[in-house]
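Here is the structure we will look at, set down as structure tokens.
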Amino acid sequence: MAARKWFASFFPSVKAQEEEDIVDPQAVLREKCAQHGHTPALWEKYQACNERVSGRSQTTETCVEELFDYLHELDHCVSKTLFSKLK
């Protein structure tokens, strides 16, 4: 017991304070941007393409172009304010 006190005198214990839950600002901005501008229309276009492709048994069509258009618009919206929210 005495050794523990002696050891603790050289190495004080530090207890962490409770931290708030860390929220990713990019995820928050993506949710907001998904509802503004052209983004909802591009999402609907992607979903329509996905349903069309899923309904066919043999097709070479993919929805990559629609997906990239949606993600590009979403990232463009997010990039306007993301860096001002980073520490």
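The backbone N, Cα and C atoms fix where each Cβ goes, glycine too.
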- Query: TrEMBL pairs C49 with one of C33, C63 in a disulfide bond, so which one is it?
  - Reply: C63
- CB neighbours of C77 (disulfide bond) within 10 A? 19
- Message: Just to verify a number: CA distance, C63 (disulfide bond) to C33 (disulfide bond), in angstrom, no decimals.
- Response: 21
- How many Å lie between the Cα of C33 (disulfide bond) and the Cα of C49 (disulfide bond)? 21
- On the DSSP side of things, how many residues of the domain 'Ubiquinol-cytochrome C reductase hinge' (24-87) fall into helix, strand and coil, could you say? 45 helix, 0 strand, 19 coil
- Task: State the count of C-beta atoms found within 10 angstroms of the C-beta of C33 (disulfide bond), not counting that atom itself.
- Result: 20
